[in-house]
Structures are given as C-alpha cells and as structure tokens.
Amino acid sequence: MAREKIGETEVVNVKKQRKKCKKEHKTRTVHSNILYDRTKGEDNPNRHYSDNEIKTTKYTLLSFLPKNLFEQFHRFANVYFVFIALLNFVPVCNAFQPQLALAPVVFILSVTAIKDLWEDYRRHRSDKEINHMDCLVYSRYKHQYMERFWKEARVGDFIRLRCNEILPADVLLLSSSDPDRLVHIETATLDGETNLKQRRVVCSFLDLDCDFDPSKYNSVIECEKPNNDLARFRGYITHRSGRRDGLYKDNLLLRGCTIRNTEECVGIVIYAGHETKAMLNNNGPRYKRSKLEKQMNVDVGWCVIILLVMCLFSAIGHGLWMYQYGDKRPVFDVLSPEGAELSPVLSAIYLFLTMIIVFQVLIPVSLFVSIEIVKICQVYFIHQDQDLYDEETDSHLQCRALNITEDLGQMQYIFSDKTGTLTENKMVFRRCTVAGVEYSHDANGETILQSLSQLPSDLTDIIDFFIALTICNTVVVSSPNQPRQKVGTDRLTSNSNSSSSSSLNRSSHRECSSVLSSPSAESTLTKLDEEHHLGGSVGLEHAFSPVPPHTTEGEPGALEEGELRYEAESPDEAALVYAARAYKCSLVGRLPDQVTVELPDLGKLSFELLHTLGFDSTRKRMSVVVRHPLTDQITVYTKGADSVIMDLITLPSTDDSKGKRQRKILYKTQNYLNLYAADGLRTLCIAKKVMTKEEYAVWLRHHLEAETAIQGREELLFQSALRLEINLHLLGATGVEDRLQDGVPETIASLRKAGLQIWVLTGDKQETAINIAYACKLLEPDDEIITLNADSQAKFLSSDPSRSFQKDYAPAYSFPPPPPSPSSSQTQSFLVHRLGLVIDGRTLAYALDSSLDEKFLQVARSCRSVLCCRSTPLQKSMVVKLVRNKLKVMTLAIGDGANDVSMIQVADVGVGISGQEGMQAVMASDFALPRFRNLQKLLLVHGHWCYSRLANMILYFFYKNAVTLIFWYQFYCGFSGSAMIDQWYLIFFNLMFSAFPQLITGTLDKDVSSETLQELPQLYMNGQNSEEYKPYMFWMTMIDAFYQSLVCFFIPYFAYADSDVDLLTWGTPITTLALFTILIHLGLETKTWTWMNWVSITFSVGLFFTVALCYNASCPTCYSPSNPYWTMQRLLREPLFYLLCVITPVAALLPRLVRGRCVSVLLFKSPLLLITAFHVYSKELVFLSQCSVWCVSVCVKSNVICHVPNTTGVVDRTVKC
C-alpha cells in the first residue's frame, strides 16, 4: 500500500510539473535586471530572452556563398543547367570545352548573387544604423540613466524616453511626467495611422507622488509569449505584497512608435529585438505566383520533353549509323577511355547525353532572370504614372508584390468594400431622431437648441442622446494650432460636501483598461460596499456641481469652443462628436478616468469613466460605463448598428400609457432608420442603461476575473460585455452621409464594359447598400432586384433560389465565359441577366454552407450585380474564396479598412485604399491606390500592357531558343553531336547577343495607346481570355522556330554547296543569319518603337560583330583542326554573305508576317489585332457599343466590318459608313 501511495504521489508530481512546464511555455516571466549582476548572466532569469540587436540580413561573409547557392538551387532551372555544365566534364559525352560550358550558368548565378548581395548589404547598413541609435538605460552601479546603443538594451532593463523619441523595444509603461499618467504615441510606422494613441501607466504605479525609482522596483511580470498581434497584450504584474494587477495593450509601448506630448516616461523592456511585435509583423514584400508564370512552367516542361525527344531521335540515328558499319569501324570512331571499341547501343547512350548538352539552348537559361528584370522595370514605370497620384492625400500607387503585375490584366471578378472604398469615408452628420422626433442637422438645428435650452434640471432622453454622442467614443481633444498637443483641462472639483464620495477617489484609483477595461478591483468593490451600507444615493442637490463656463475663462488650458479639434480613430466617431458640438454639447477634455463635456445652461460636467467596451465586428457596438455627475448613477451608454441595438432594447409593457408611448417611439425610430437607409445614410442607434450599485458590483466581479485571465481572456471579456449590454433603453438614432468618391460611377461603368463582374461586400445596412449601389451605377433603374433574406436555414432551403431563378428569369444577354483553368473542365459559357442580387449577412451564412454554396453561386454568377450586406470580415473572405475556387476565375479584392484584410489576402490580387481607416488594408495588399477611380487605369491600361508584354516576351524567348540550327546538321554528320557553329557563338548567342532588345520591348512596348484602352474597355477581355498566350500559341511558336531554323540552315547550305569553304566559314554565316532573323522577328512583333529599341538592336548587332572580329583575329589555333582565324573578316569581303543576309531573313519571316497580319484577323476575329493593325496604318477607327453587344469596327473604304460575339460564335455584320 505504501508503494502504491508513493507511486500515486509521483504521478501527481509529474502531472504538476507538466502543467507547470506547459504554463511556462505559454507565458513569459520578466524580472528587473538591476537585481542581477550583468557580468554573471547565468544567474539572470531573463538571460534566455532575445537581445535587442536587429539583424535582417540573410548572409554573413562565411555563409553567403553556400547559402546563396542553396537558395538559387531551389529553382529547378538552375539545377538543370548546373547538371548540364557538369555533364560536359564527362569525357565520353562532352560537346564543348568544359570551362566554356560553365560560363552561362556561372553568369546567371553570379548576376543573381550580386543582386542578393547588394540587397543584403543595404539591409546590413540599415540594421547598423538602427542598432547604434542611442537610448537611456538605468545603470545598476551608477544609479542613473546612461546612454547606450539600442542593441545593448535587454529584457528587464528600465528605459527613460523623452518627447519625439522612438521606442527601441516593447516597453511596459511604469511612469509618466504627464499629470494624468498618460503617454501619447504615434503608431504610423506600425499601422500607418497618424492620429495619436493614448497609453497609460500600469494601475499600481498611478498613485506615485514622486519620480519612479527603478532601484525600488521589486515586482514580477508574467505576460504572454511574443506574438504579432498589435491589438493585444495580456498579462499581470505581481507585487511583493501579493497584489496582482492586470496588464493590457494600453500599458504597452511598441517598438517603432514615437513619443508625443510627453516630456518623459519610464518603462521596463518586455520584448526586445526580433521578439517585438513590430519585428514579428515585418514579413517583407509579398510573393505570389502569377497565372502567366504557372502556364509558362507548363511550357518549360514541354520544352524539356521536346529536348528529350530530339536527343532520343539523334541517339537512335547515331546507333543506326554506327550499326551499318558492322565490324568495320569507321576511322573517325572514338574509342572508349580503355581503348576498346564501343557498341552501337553504348555509343547511342553516350550520344544521348551529348545531345542533351548540345540542345540545352532549348531551355531558356536567362528567361527567369529576364522576367524579374522586366517586372521591376514595369513597376517603376507604373509608379511614375502621374494619373495614379492623388494630390489631396499626397499619395502614390504602391506595388507591394513585384511578381504579379501581369495578373492585373487578367482579372474577372472584383470584390469591393463600400465604406471608404466606393465612398469618401468622410462622414457628415445629416439627420437624427430623438425620442421618436426626427430632426434635420441643417434645417432644424435651432429646434434642438431651443429644446435643450428649455430642459428641466433632471435628465431627459434628448440630453442623454447628445451626451452619448459626445462620450461614447475614444476621441482625443487637441488644439488646431498644435494638433499634436493634448488639451490640458484641470479636473473639475465639486463644491458640495459629498464630492469625495461621489468621485470614487479618482486620485488614487484610475482606470487601467484595454479594449475592455475596468478600474482596480479592490478600490471599486470597497467603494460600492461602503455606499451600499450607507443605504442611500446622492441626490441632485448633492451631485457633482458643474462649473459655469464663465468661471473657466482665466484658467490655464481653457479653450474656446471653436478652438477644439478632435482626433478620432474612425470618421464616424469624429462626425458624431462634431455634430454634438454643433448642438452646444462639446467634448472639451478626455482623461483616462474621466470625460469632460460642456452643455448649454449646465456648464462643464465631468463624467467618471469606469469602463470602455470597445467596438468589435462581432458585437457591432461599443459602450462606455460612467458615473453620472448629476445623479451619481452608474450609466451605460451604447452605440452601434441598428440591427443589433434594436434587439437589445427592452420592450415596454402595453398596460400603461408610458409603455405605449415607448413602443410608439420604437416604431417611429425604426421607420426613420429605414428612411435614412433609403437615402443612403449610415445609421447608428444610441441607447443607455442605468445600473444599480448591486447590479454593477455583480457584473464587475465577473469582469475583473476575465481581465486578470491570460488564457481565453478575449472570450471571457466578450461574454462580460454581452452580460452588460442587455435591457437597454433606446435614446435615438443618427443618419450620417458618406459621399461617393469622385469618378466611382464612371469607373464601375468602364470596368463592366471590360467584362469584369463587380460584387460589393459591406457591413452596412441593406437599404444603405442598395442606395449607394444605385448612386454608383452598380444597380440601374431597369435592373430587377432579387433579395435573399432568411431568418433560418430551413426558410432559405424552402425558397430554393436557384430553382425559382431558372423558372422566373430569362436571360437578358450573354456574358463572355471565364477562360478555363488548365486544371478545370468548366468551359461552358453562362448567361448574365439584368438582375441585382442582394443578400444579408445572416442569409449569406446559410448560403456559404457546403450544401448550398453551389446553388448560391449558380444564381449569383448570373446576375449583373451582387450586394452582400451586413457581412462580417470572415464572410467576405469566404465569398472571395468560394468564387475563386469554384469558378476557377481570377479575383481582385479592394478595400480600405482592417475588416477588409482577410478578403484582400484571399484574392489573387489584393488592392488597398490608403483612406481614412488607417493602413491595415494597404499593408496587407499587393497594390495600394489613393482612390477607387485609379483602379480603372491600373487594370485597363497598365494591367493590359504588363500582361501583353510578358506574354509576348515569354513566347519570344521560347521561339528564340528553339531556333536549333545544330539539329539539321546532325543529318550530315552521322548524328555525332558535332557542331558547325563555333562554341563561343553557341554559348553566348542567347545570353548576350540577342538578350538586350527583348528586355527593352518587354518593358516599353505598347500594343494599344493608353487613350484607346480607356476609351475601349472591351479590349481588356483580351487578357481575361488569355488571348496573348494560349496553349496553341506555344506550339505555333515552336513550329515557326523550327521552320525558321530550317531556312537559316539550308539556304546557306545550298549557297555554299560544292565550295571549298571550311566548316566554320560556313557555320559563321548561319549564326549571323539566325541573329538577323531573330532581331527582325522581334522588330515585327514590336508595336511601339522608341529610340531605346533602335539602340538595343544596334547594340546587339554591333556587339556580335565586334566580338566576332576580335575573336577571329586573336585565335589562330584555338580548336584544332577547326580554325576560326580571320573567318568574319573574309566573309565581310564576299558579296554572297550580304546577299544571304537579305534573302534568308525574308524567306524565314514571310510566313510569320502573313499569318500575323492577315490570317489572325480573318480567321480568329481578334478585335485587338484589328485595332492594332489599322491603328498602326492610321485607318479610321469606329467604336460602336449598344447595351450588352459590343463590336469593333474598322472603316475600310465605304464599309464597316463589325464582329459581334454571342453564345454561338462570332457573327460578321457589314454596314455602310
């Protein structure tokens, strides 16, 4: 029995140790470093934490070469070319001089390595500059703050920060020179928001009457592990007395932020270096694989297959050629390394490996590097477009993903947010309803002012309504002439004897909160118990007396009403506060634990701020808990979406007249909300709740438990907020106007003509979204609206929208089908109806269920417009993902707020608007735009150009490398792998001589002008349907390349037949003719000629002849028995050489010219080719567009050829000009 007990005890101890280890794994404990000797680091419990030195470089001097090569060999093409180069060192299968064969791959690897090294060196310089910035760190030995470099700071160090200094690490705020123990910070480097944020000292350090002394600090901090969530910080601080206080995000100063409006503050380092939240969020530029690149990789695979087929054909030919000699070996036969004769089969195997080396040019070695260079150049020129610059916000387009520029030209679906994306997000207060009476902000402002001036002494719904507008927010008051200087308002003191009891001892118990916050547990609960035992509440005669406005004129910091400026985190908050000020209800000061409001005839009132329950996308509301200065009651003010607030209102009884009146007010308010939404206004409901001391004490106990929890704190706080925000009393509602941005209707119209389907995903009220959709021409008057609103999934199933849709609605017009993905078999077209689909968030949740998403998508894809209202951020991303994955289409998501980040990241291309809601959307996006209207040019012009340039450049690369002249020579040399071209020319032909012109064309070529692309948005369909790069085009390119190589080989062959020229004298003209043919081919494909095109082609030709003349003059006996000496010099004296330079390119390119300019126009009916061809030759261009039928018309003589696409094909119509 004793052994069993011992065994059970050991098991229990093991479990406790596991739990302790698990807890330690999830949290971090921070001690003060001044308690430990820095020289004896092994005793410091903080020694395992990261230091503050930043290192963003990837390499060191020793690791650069192996690490960079390792990274480059992750690209299959580099591995392939290294394998080919090493294979050339094998004697039995080498084709070229081994050292020379290494040159191309070494060149490519070197260029990439130099680029990586330069980028890493720039990062190193930036790191060094940051690491050697100065900061003040408390010294254990000198008992004062000493200057140290940032990199020398450690977790547990005390740091003193001064105004306008940048934070070197994540610091827990312990002291501030501000009398209210506040610190204002600017977080623009983290989230792009320039408005000031308030941070406050930890609760237990609020009541310090003297400067903070680090040597007396003996507390222990336990907090969460380092993470990248900027909006969250959880933990607690334990003092020697055993007291524990919660820690929140409002106590943490993040690395990279700037101190404002505070002379100095002191904090302890919690996270340092790469463990700071700023560094954990620094993910660098976004990298994605474009659709074009995926298709290119497939064609590279086909090139490998063609290469293997050609090698196999040559190996079989060589084996048969050797077999015909039988036992009589040819005199030129090469023996094995042992001197023995090789069998035909073994010779064929060796020849197969040799031909892989010879035909390696089929795989474009420089294609990937060239594409990167061209994309960087394209991004540079997009940045230089002044049409994408917004003067009002002083912002340019930003490209954060460098490798998907061509995807901009292939978009098919656009998913857009409404507020701040289609609208200005500059809110203007227009109308409000209070207690069932509706007021206009413009016309009836005096009516409300008169009502306010006639108020009795007790509180009414009207004054409570404006108080809620004023204090239910996080607005900071500042001065216009010093917008970064906080307005200092002295605390208002009461003239009554009960002032101390009604203020909850503000001087020692201040609020310490995060998004959900509360004061100190002990002080608040003790105060409530005392008041409960006293058995009474403070009446109006003992209330907190307001100070008349005239008594504050001489006080320091007092400002006139017109001098106040408000800095809000959202435009909605600012609009409501400014509107309240227009009605003489002004916010004049905000402190951590009180808000000061000035009311007409009442003067300044100071509301004690007990809790702030911040807004979140789930609750869709925010609340503040205050102690009212007139009644001393605990009052909850709540504002939020009408869809949630109206459900939280207590329905009054109909037994008495007061209950009937309240129900009438609810009914009228709901009607006004519907009217506001129909007018396109954003609606909010305002409500309040008065709590007894007992109710507040019960709620507070649970709330404090939630606040001090580390694990699951968010869920506990969420549940705490839900328990508070019930049984509300409705005060009124507001209607705020959010104007459309300039050019939004025109942009949507152009994008629609371009074949793009536009969905709007918004969290706004359904009526508001519909009204804005009509205003921006997303919905038109003749569109029929399908509304899907279901209270339950059963009702949604019973409605069966797809069946009723097919039954009731006939197709209005056909829509071009999305191009099928290589992995998809969905090639059928679909019909688009003149319908608009409107679905609310609850119904959308049912529609996104796996059993219903197909039916929902069937209906939605056939409508011209789709509006998803009251949708959450998660629903937005689910809709984008559903369309992208099910329909296999290219998607673009555009938004401006943090609630749009999820859908921006899910879409193929994410676009952020640098608007009024911070920079979260921009930081998560691939491209950032100042305005929605800029999307038109970004897609229709730059997207079209980027796609067209890269598609043509890739095909040109495949063509250029497929001009395999050596293959035809194998028929005359017994498939021995011999070459009639000097190996120097062969190795550097694609790498140097023909490389530069295509880079210029890929960067600057314009198939259609910018003006034409914007006038004819239908041309964008060229990219949607991948007209520039279809699978058959690759095979046509390869066939064309083989034909041209055939011409370039056999015309010189017959020209020099029966002559006594040597091998290289015959092979050098072939190389020259191939170069001329390739460059002229590029010239034929170039649509826009600039001086850079002429210079690049001239440079390529000049480089070839310069290298050839120098090489032939300096190499008498380089490769015996072949002798390249003076070969080019002799050729330049022969008239036959010049005749071949004229005849051969013409014969090689004539079929291409005929097919490109005639056959494609007549057979493929390409509107882009029609426009390009006749635009080049200055023909008259006529564009006819009516409703859903588009046609491109070219006036030739007296007729117009009009190509009209429909579901059955292309119909030609000829009309008179």
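Each Cβ is built from the backbone N, Cα and C atoms, and glycine gets one as well.
TrEMBL does not curate its annotations; it predicts them automatically.
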**Message:** Of the ranges 73-90, 955-972, which one does TrEMBL flag as transmembrane segment?
**Reply:** 73-90
**Message:** Between ARG682, ARG870, which of the binding-site residues has its C-beta surrounded by the fewest other C-beta atoms within 10 Å?
**Reply:** ARG870
**Item:** Helix, strand and coil residues within the domain 'P-type ATPase N-terminal' (43-99) as assigned by DSSP
**Value:** 24 helix, 0 strand, 33 coil
**Item:** Criterion met for the transmembrane segment (96-118) and the transmembrane segment (73-90) (at least three Cβ pairs under 8 Å)
**Value:** yes
**Message:** Cβ under 8 Å, sequence separation of at least 6 from the ends of the transmembrane segment (300-325): give me the contacting residues as numbers and ranges.
**Reply:** 77, 333, 344-345, 347-349, 351-352, 355-356, 359-360, 362-364, 958, 961-962, 964, 967, 970-971, 974-977, 1034, 1038
**Prompt:** Do any residues of this chain, six or more beyond the ends of the transmembrane segment (73-90), have a C-beta under 8 angstroms from a C-beta of it, and if so which?
**Reply:** 96, 98, 101-102, 104-105, 108-109, 300, 353, 356-357, 360, 363, 365, 367-368
**Request:** Return the member of ASP417, PHE615, ARG682, GLY763, ARG870 nearest to ASP900 (Mg(2+) binding site) in space, with distance defined Cα to Cα and candidates limited to these binding-site residues.
**Result:** ASP417
**Asked** Near the Cβ of ASP900 (Mg(2+) binding site), how many other Cβ atoms are there if near means within 10 Å?
**Response** 33
**Item:** Which binding-site residues sit within 10 Å of ASP896 (Mg(2+) binding site) - Cα, from ASP417, THR419, ARG682, GLY763
**Value:** ASP417, THR419
**Prompt:** When the number of other CB atoms within 10 A of each residue's CB is tallied over all shown chains, which of the binding-site residues THR419, ASN899 has the maximum?
**Reply:** THR419
**Asked** Given the binding-site residues ASP417, PHE615, GLY763, and counting only Cβ atoms in the protein chains shown, which has the most within 10 Å of its Cβ?
**Response** ASP417
